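Noted in TrEMBL for the protein shown:
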DOMAIN    A:22-472  domain 'Amidase'
ACT_SITE  A:Lys76  active site, charge relay system
ACT_SITE  A:Ser151  active site, charge relay system
ACT_SITE  A:Ser175  active site, acyl-ester intermediate
Amino acid sequence: MINNSLKQLGAMLASKQISSVEMTTEFLDRIDQHNPDINAYIALDRERTLAQAAAADARIAAGTAEPLTGIPIAQKDIFVAKGWQTTCGSKMLESFIGPYDAGVIERFDAAGAVNLGKTNMDEFAMGSSNETSYFGGVKNPWDRSRVPGGSSGGSAAAVAARLCAAATGTDTGGSIRQPASLCGFSGLKPTYGLVSRYGMIAFASSLDQAGPMAKSCEDMALMMNVMTGFDARDSTSLQRDKEDYTRGLPAMTGDKPLAGLRVGLPREFFADGLNAQVSSVVQAAIDEYRKLGAEIVAISLPNTRLSIPVYYVLAPAEASSNLSRYDGVRYGYRAPEYTDLMDMYCKSRAQGFGAEVKRRILIGTYVLSAGYYDAYYLKAQQIRRLIADDFAAAFTQCDVIMGPTAPGTAFRSGEKADDPVAMYLEDLYTIAVNLAGLPGMSIPAGFAEVEGKALPVGLQVIGNYFDEARMLDIGHAYQQVTDWHTRMPEGV
Amino acid sequence: MSLSISDIKRIATLARIEVSDAEAEVTLHKLSGILGLIEAMQAVDTTGIVPMSHSQDVTQRLRPDLVTKTDQRALFQSIAPAVEDGLYLVPKVIE
């Protein structure tokens, strides 16, 4: 059962082959067994979860079930959920119990999905290895000496080890796609503004976007149907008609389902810095797309190398502003001893935040400080437009862009933890997509043999604005003729 | 652009984060590395380019001026570090 698609799980529930309580219990038992080692979950609440499963069973019996009713889904601990411990991976919020539901949580609840638990993550989503979490690192189920990627590392390990049917993540610079690549499953960051940011703890508001993390593109399409939609409580939420993201999937069969599709390969994504094994796996996936009927065209995204410097101005600047709310007054951590109000702020923040979060707040404060705004923030916003213009030009030559998701495979725990600049380069191929606000996806494309272990490699697919349905079709077509997405790590 | 220890102390004060002398040394080293990475931007000519903050051409929405939130003081204060008589407690700021 654990390797079944969401559609298959839904059919099992509909036919009363299994109840949601039984299905949820099986996943909770698997979590009890494997989580002490993998550390994918921060918060579990068996009673609350099973009450939701029982309610789903009642709904199924009443004949009002929707496609995800009764299916256990893990929620990244960045989403505020009423009555749930909601920490964002930080000591600052260790004692924070959600007083309301995030937009994403509300939508899954309304669909009858079961909240299986809150997953581990880099502190305030700042990291690419899950090692900055106050609640400890997460092990990559494919090789437990390695990281799962980040920041949605807990959701990634939970999906890979089948400790949930599917999970949610958020992606500010690659935090859904890079862990999807490193843990061998499918992850999608939608167009900025499609999924509500209400109740999603803010990191860099102009880049943050939530999306699905699942075993297949078909599963992600079902999740997108639930997650997307206008929310007046998010000032950047886009007002658009609801879409059915599964509508094109059935046509993805036959000899050449992708005939006429133009796939652009940016030369900058295959230049220096890309691991040779990753490169050959990605090339093999592209060959498979040729067989599916796609036409491959060479394109250029000349400002790719600038996306990292631009991101490390904009994201810390926005973070320094967003995280100023944590002052130890109304909620969150307060230092036990202090002399006056100023001292209380400074000590609470020094003790409540981890090293990487403090570094980013300090960088952000610096680039926004008097005299530096034009040289850093304004300059970065200007180059951001150049980067978005690169994509606009590319999409006149092709329909989608493909390339590697990450420059390498999963690295060892501790390998890059002490070198922020090396860690930042992990997101070389993902960050530009956030800066442009485009949708990006990673799907399993094969494995690289590294020191005797097979480590997953992801193929990144970048689409034009609002082209998620087509991207999911394209991924689904590949998943009809390959089985990388069905592979499971050993020992789970 | 090179940073000094006194810059780190000044930024830390602005950010309301206490940084000890020992931490300031380490922070200086790490932040200098990050600023070195960011410096690559300065080589780009951006004359006349309009800064971008949102990918879509959107404007701020307005909503009717109606009460939409209910009073949840008790719930919100149940997770506060220190409250008394419905008020949040902080160290005395006025003598």
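Here the Cβ of each residue, glycine as well, is placed from N, Cα and C on the backbone.
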Q) A:Lys76 (active site, charge relay system) has how many other Cβ neighbours within 10 Å of its own Cβ? A) 31
(Q) For the C-alpha pair, I'd like the distance in angstrom between A:Lys76 (active site, charge relay system) and A:Ser151 (active site, charge relay system), rounded off. (A) 10
Q. What is the interatomic distance between the Cα atoms of A:Ser175 (active site, acyl-ester intermediate) and A:Ser151 (active site, charge relay system), given in whole Å?
A. 5
**Q.** Residues satisfying Cβ distance under 8 Å from A:Ser151 (active site, charge relay system), sequence separation of at least 6
**A.** A:Gly89, A:Met121, A:Asp122, A:Ala125, A:Met126, A:Gly127, A:Ser128, A:Asn130, A:Thr170, A:Thr172, A:Ser175, A:Pro179
Q. Which number gives the other C-beta atoms within 10 angstroms of the C-beta of A:Ser175 (active site, acyl-ester intermediate), all protein chains shown included?
A. 36
Q: Determine, from DSSP, whether A:Ser175 (active site, acyl-ester intermediate) sits in helix, strand or coil.
A: coil
Q: Give, as a single whole number between 0 and 100, the mean pLDDT over the domain 'Amidase' (A:22-472).
A: 97
